[in-house]
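Student: Here it is, the structure, as structure tokens.
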Amino acid sequence: MTSAVGISVPNTDAQSSQSASQTTVEQEVLKSKVNLLGMSRIELEQFFEQIGEKKFRAGQIMKWIHQYFVTDLAEMTNISGKLRTKLEQVCEIKAPEVVHRHYSKDGTRKWVFRVGEGSGSLVETVLIPAEDKTGSRKTLCISSQVGCALDCSFCSTGKQGFQRDLTPAEIIGQLWVANQSYVEDVPVAERTRAVTNVVMMGMGEPLLNFKPVVHSMSIMLDDYAYGMSKRRVTLSTSGVVPMIDKLAEELDVALAISLHAPNNPLRDELVPINKKYPLEQLIAAAQRYITKDGNESARKHVTIEYVMLDGVNDHPEHAQQLVKLLKNLPSKINLIPFNPFPHAPYGRSSRNRIMAFQKTLSDAGFVCTIRQTRGDDIDAACGQLVGQVADRTRRAEQWKKKVAERQEIIRSQG
């Protein structure tokens, strides 16, 4: 039978054969294996019904994958041997390949993943630990695209260009790997979920990969998976206004705006999408978002992200303009010291200037924090490590090409 999700299901009761035709069938089944990692509970329920099993198996599998971080079906003790045999032939549980992992002395962790077939493309994820009033907080910054099409002038990811959207398995796989890194040496029965917060602030614009991102966040919120609070899952956007309204209709998560400028001329320069959706439209969309459905818990305020660029957007008048812009929008402001990257056209604002900027906002009644710089020793700024890895890869390929050319010259001369 062929399911709606394109799964070829073999008859496990049929007698096995060593014929060439049977081998061909097995190869076709392997090609059609579906990855369960990125499937929602509803999709898993449909999957199990399509292979002739009960829907409750979906919850069992989700817990094994996302709460105990088990990918080997043989370790799933409440799944029968017969069902495991069937599943092994039609599905897999596969996270993105980790090509680099770096753990900073300050607790920050960073992974570079290869996604796609063959040599694939590179994306990265950063985990930032912190202490708060609830105890130890671990915030994971997740990527949604390979590269980014928005080309914000201060962002290293945008300089790499846009390649493609990530799939749900590639998005949720980042969360899976981060959690699994804390429990890989822990007995299965004692494993817990380490990541407490997720921010969709990594490589790419999440709202331009809308369906896979919303799908992945729904898995984060599912009690059979990560069971995260709506207030602890945040989507950050540079300002794709129509999709902010669509997000409000589909999912209740916290919203962050990558603002970075308090007026349209400057934001046009720093965040080019502002030319299409200027500040007036963006702020109005943010106001609609937090008032949707009676101001639910995840939507009491919007987080405003503001990177501090020396001599560009950090003057006293910029702080005053920001106060005026946000006066009717319940918001928390996060000032971000700029992380320079190779050939960056900007520098980081001085500590004194950042503190003065913060004081103006705080005096106006805003909650305003300064993001602590972490992971400097592992290039934890978004896009930096992927850029370095890609650069090393290009240099290695160029060197191999030169060696091959020299060898060809030597052979021709000999």
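Each Cβ is built from the backbone N, Cα and C atoms, and glycine gets one as well.
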Student: Among 1-22, 331-352, find the range that Swiss-Prot records as region 'Disordered'.
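Tutor: Range annotated as region 'Disordered' by Swiss-Prot: 1-22.
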Student: Which of Ser181, Ser236, Ser362 shares the S-adenosyl-L-methionine site with Gly204, Glu205, Ser258, Leu259, His260, Asn339 per Swiss-Prot?
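Tutor: Same S-adenosyl-L-methionine site in Swiss-Prot: Ser236.
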Student: Could you round the CA separation between Cys141 (disulfide bond) and Glu205 (S-adenosyl-L-methionine binding site) to a whole angstrom and send it over?
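Tutor: Pair distance, Cα basis, whole Å: 13 Å.
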Student: With H, G and I counted as helix, E and B as strand and the rest as coil, say where DSSP puts Glu124 (active site, proton acceptor).
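Tutor: Glu124 (active site, proton acceptor) sits in a strand per DSSP.
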Student: State the Cα to Cα distance, in Å, between Asn339 (S-adenosyl-L-methionine binding site) and Cys155 ([4Fe-4S] cluster binding site), rounded to an integer.
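Tutor: With the alpha carbons as reference points, the distance is 9 Å.
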